[in-house]
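Novice: Dropping a structure here in structure tokens format, bear with me for questions.
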Ligand SMILES: Nc1ncnc2c1ncn2[C@@H]1O[C@H](COP(=O)(O)OP(=O)(O)O)[C@@H](O)[C@H]1O
Ligand SMILES: [Mg+2]
């Protein structure tokens, strides 16, 4: 009989009568480094210290893992201060199963074991955080973590693979064309050919990016090639999508406890205002004051219910765990089209995911506790 599938560690924490140790991992190598630091500041302030012991670990922009002070102040993103991970004490979770130890390597001191890590909460977006790579490392280490596993994280990071999963599940997606790196380098004219059938405008996007980085709206076929080259700077695999005319609405999904079904939130809506942006681009997301989040969105109840139902279906089809934000277009002619799933959605208190859950009955500290609790319920080892 194999015992490798048993959640023994969760029981051990209770047996030992100590608080679970939660490692908050943030920063990272992607373009969202500063945003991630700012999210960590919020989580450090809000996490329930009566329930959890906390160890902050920063991933520097060059990829080094560093032990951080348990202090939100320097991590706060303001107009005057762009935070980043700095430090000189390396902190590593060795990628071998069994001990789940956090090893620290202070300068001029021998390495030592700092603590056992019970749960990792990765507050990382994009490549090397949200894409299954970090999750793979934690699987090797038999360490529990908040959010989706390797496969769902990797597939939902790749907009081309994501659409294959959605289509197979019978979920509504728009028309699109994928251009791989080799297709583009082999014969540009042949790669461009099927795009004509999509009409204009189209959206050109890197397959594996986020925050609208590299996403370009093209209204004139003459601009298509330049837009593809621009997207290729973020990822050599590119998607071209027919433009969808509609409202952008988003639903938060939380995994169910035990064998329960996932839970879906109230629906939020993104409205881009002013005439500086033709869509929800990077500047509208982070820099200008031109994006408005409305929650709950003003929608007929039947439409909101359908979005919730289909969001759970998408969450399950993708094999997501923990949390996900499912993003939709509600078209001017009344249809729902699935845009994407984010397995680690924006998580500051003013981000859409925490806001829609606040409307649905989980304030920010309770949402953090719920996510950690879901992660602790998980099995480790072969599943
Ligand atoms: N097919 C489309 N039709 C209309 N707008 C789109 C389409 N695809 C993307 N957009 C716009 O571009 C934004 C970013 O695209 P998205 O696919 O969500 O990329 P990211 O992963 O970077 O958020 C969307 O929020 C939306 O405003
Ligand atoms: Mg998006």
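Cβ coordinates are placed from backbone N, Cα and C, and glycine is handled just like the others.
No curator has checked TrEMBL annotations; they are predicted automatically.
Quick caveat, the model's predicted, so the values are computed rather than measured.
Pasting the relevant annotations from TrEMBL:
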ACT_SITE  32  active site
BINDING   159, 203-205, 211-212, 241-248, 339-340  ATP binding site
DOMAIN    163-373  domain 'ATP-grasp'
ACT_SITE  211  active site
BINDING   327, 340  Mg(2+) 1 binding site
BINDING   340, 342  Mg(2+) 2 binding site
ACT_SITE  351  active site
Novice: Determine the minimum-neighbour residue: among 204, 243, listed as binding-site residues, which Cβ has the fewest other Cβ atoms within 10 angstroms?
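Specialist: Looking at the binding-site residues 204, 243, the Cβ with the fewest others within 10 Å is that of 243.
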Novice: Does residue 211 (ATP binding site) have same-chain partners at least 6 apart in sequence with Cβ under 8 Å from its own Cβ, and which are they?
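Specialist: Counting only residues 6 or more apart in sequence, the Cβ neighbours of residue 211 (ATP binding site) under 8 Å are 31, 32, 35, 125, 126, 282, 285, 286.
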Novice: Sequence gap of 6 or more, Cβ distance under 8 Å: name the residues on the same chain that satisfy this around residue 159 (ATP binding site), in order along the sequence.
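Specialist: Within the chain, residue 159 (ATP binding site) has Cβ neighbours under 8 Å at 205, 207, 208, 239, 340.
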Novice: Mind running the recorded positions 32, 241, 243, 247, 340 against ligand 1 and keeping the ones whose CB falls under 6 Å of it?
Specialist: 241, 243, 340
Novice: Any idea what the model's mean pLDDT is for the domain 'ATP-grasp' (163-373)?
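Specialist: It averages 95.
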Novice: Between residue 204 (ATP binding site) and residue 327 (Mg(2+) 1 binding site), find the distance joining the two CA atoms and give it rounded to the nearest Å.
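Specialist: So the Cα of residue 327 (Mg(2+) 1 binding site) lies 18 Å away from that of residue 204 (ATP binding site).
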Novice: Measuring Cα to Cα, how many angstrom lie between residue 339 (ATP binding site) and residue 351 (active site)?
Specialist: 18
